[in-house]
Amino acid sequence: MAENVQKDDDVKVKQRTILWFLVFTGFSINYMIRINVNIALIDMLDTVYRKPSNTPNVSIECVATNDVYTNDTENLNNDLIENEHTRLSLERRILDFLSIDYDRDGFNWNEKIQGQILGSFFSFHFLLQLPGGILAAKYGTKLIFGVANFIGCILSSFMPIAAYIDYRILIALKVLQGIICSMCWPSMHHLSAQWIPADERGRFVSSYLGSSFGVAIFYPIFGFIMKAYSWEYVFHFCSLIGLIWWISWQYFVYDSPQKHPRITESEKKYLLEALSSSMQLHDQEQKRKIPWTKILTCSGLWINTIAQFGGIWGLFTILTQGPSYFRFVHKWDSTKIGLVSGLPHLFRSFTAIFIGQFLDYLLQKKCLTRNQVRKLATGICTIGNGIFVLLLAFSGCNALFACICMIIATACHGAVSSGPLAAVIDISPKYAGVLLGIINMICAVPGFVSPIVVSYFTYQNQSTESWKIVYLISAFLLIISGIIYVIFADSTQRKWNNPIKAKEDCDENNEELESLDKKTQK
């Protein structure tokens, strides 16, 4: 259908281009509030606890192998000894004014508590994944995605004071933040299905990888904020940026081309015609019930779940634990950690955009089938990723090699936008939000299990060997999940996506058979 529709190339600034930018920045915001505690944690800890030379559970093996590391460590230790009262902290002033006692030298949290804090966002992140897609279908992605992101950002401002009072309150806030933000990803698939034709989905879904761009940009910014002011302002910065984004989202984004007041007629006509075959925008179609049995017994759903599970385990292990790895193994300060931790995710964003455009081109030119494109992209984001995580496991004290492996591994995962993420829409554009909600419910597990696994192997043992085990587990899950997808995946649109159309086709076939029978009888 879409192949016979006249393109809207005469439109200079397309509304779906603006939509791509707002979605891209929206996912940047979404990941900004996920990662803020990951890097803030390295400065939140007790100053004596953070000093490698004084702490037996922090390895010094890599310090001894290179004079550069030794110099970095000495500079870091001098920074940590600095009187933290000289740093501007609104929370400290409030607590001092109220005469409330708190840990003035930082928090003495061991690896187990750190693991609980790092994994708290994902503890119940599955809770509203499925409702998020359903609510978006009912109330619109503009409301669900916008409000979830905005509330998540505002909650960040309360986390510093919560940390000073009790780390369990901080964990509770991160859990609440994770629950609310769990609606974002599945709700966005509904908007994609309403706005984006099939041959543009790979490029548009690359906007979801704004998440990686957010990590790449905000990790270094957080590092500089911590260096110039204090870790508390990392969380306040998140609230400010979230407010600015939310105002822009409210003005520019609408749930469908029909509802947009500023869209050109040529773009609206093109989109409505291009999407009519997959969306079936009729009242009767919109009111029908969700075919839960068909969805839950769909092999494509579970194959995509396996691929996403492996990919997310590898991604979140690097995303969440990267700052701690460079801090405790390579002894870097917050500024360097921010830069190096963010760099892999910048390359992930570039990979998502480049591969999305390249594979969409191959699809439009019919060089590859849609199923082949999805398998190729998924193979890159899982198997390719896993190979470099495997090399990372054997990097030892070679910080440069570790950085290169981490960058390439994370960059490979950028192909997920043209792989399992786009395949979910291919399987069922109508229920893409529901499918992604189910997938994300299961794939939220790595978010809180991975930090527990890391804390188990690194508890009082911050060595290259303990981190080697962590990365070997990630590499195994990545490669196995990718192999399963490449062998068994099928991203063909299912008939239950449009039962009305399927029924019409069936009626037409029956009419043809009846007509043929009559002719035969004559």
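Note: Cβ is positioned from N, Cα and C throughout, glycine not excepted.
The shown structure was predicted, so the numbers you read here are calculated from the model rather than taken from an experiment.
Here the domain 'Major facilitator superfamily (MFS) profile' (32-493) returns a mean pLDDT of 84 for the predicted model. Among the features that TrEMBL reports, domain 'Major facilitator superfamily (MFS) profile' is placed at 32-493.
The annotation transmembrane segment is assigned in TrEMBL to 18-41 (among others).
Under the heading transmembrane segment, TrEMBL lists 117-137 (among others). Note on the transmembrane segment (117-137): residues 34, 37-38, 41, 109, 144-145, 148, 167, 170-171, 174-175, 177-191, 290, 316, 320-321, 324, 431-438, 440-442, 444-452 of its chain, located 6 or more positions outside it, place their CB under 8 angstroms from a CB of the stretch.
Long-range contacts of the transmembrane segment (143-162) within the same chain, counting only residues at least 6 positions beyond its ends with a Cβ under 8 Å from a Cβ of the stretch, are 26, 29-30, 32-33, 36-37, 89-91, 94-95, 132, 135-136, 169-170, 172-174, 176-177, 180-184, 187-188, 191, 231-232, 235-236, 238-239, 241-243, 245-246, 249-250, 253. Annotated transmembrane segment per TrEMBL: 143-162 (among others), in sequence order.
As annotated by TrEMBL, transmembrane segment applies to 169-188 (among others).
According to TrEMBL, the transmembrane segment annotation covers 208-226 (among others).
Summarising the annotation, TrEMBL assigns transmembrane segment to 233-252 (among others).
According to TrEMBL, the transmembrane segment annotation covers 346-363 (among others).
Residues or ranges marked as transmembrane segment by TrEMBL: 375-393 (among others). Within the chain, the transmembrane segment (375-393) has long-range Cβ neighbours (under 8 A, six or more residues past its boundaries) at 202, 307, 310-311, 314-315, 318, 355, 359, 368, 401-402, 405-406, 408-410, 412-420, 422-423, 467-472, 474-479, 481-483, 485-486, 489.
Residues or ranges marked as transmembrane segment by TrEMBL: 399-425 (among others). Within the same chain, residues 62, 66, 69, 189, 192-193, 201-202, 205-206, 208-209, 212, 300-301, 304, 307-308, 311, 314-315, 318, 322, 326, 330, 340, 343-345, 347-353, 355-356, 359-360, 373-381, 384-389, 391-392, 432, 435-436, 439, 485, 489, 491 sit at least 6 positions outside the transmembrane segment (399-425) and bring their C-beta atoms closer than 8 Å to a C-beta of that stretch.
According to TrEMBL, the feature transmembrane segment maps to 432-457 (among others).
The transmembrane segment annotation in TrEMBL covers 469-488 (among others). Residues of the same chain lying 6 or more positions beyond the ends of the transmembrane segment (469-488) and with a Cβ under 8 Å from any Cβ of it are 299, 303-304, 306-307, 309-311, 313-314, 317-318, 321, 375, 378-379, 381-383, 385-387, 389-390, 392-393, 419-420, 453-454, 457-458.
Beyond the ends of the transmembrane segment (346-363), by six or more residues, the same chain brings 199-203, 205-206, 208-210, 212-213, 216-217, 370, 373, 376-377, 380, 407-408, 410-418 to within a C-beta distance below 8 angstroms of the stretch.
Same-chain neighbours of the transmembrane segment (233-252): 18-19, 22, 25-26, 29, 32-33, 36, 39-40, 88, 90, 142, 145-146, 149-150, 152-154, 156-157, 159-160, 221-222, 225-226, counting only residues six or more beyond its ends whose CB sits under 8 Å from a CB of the stretch.
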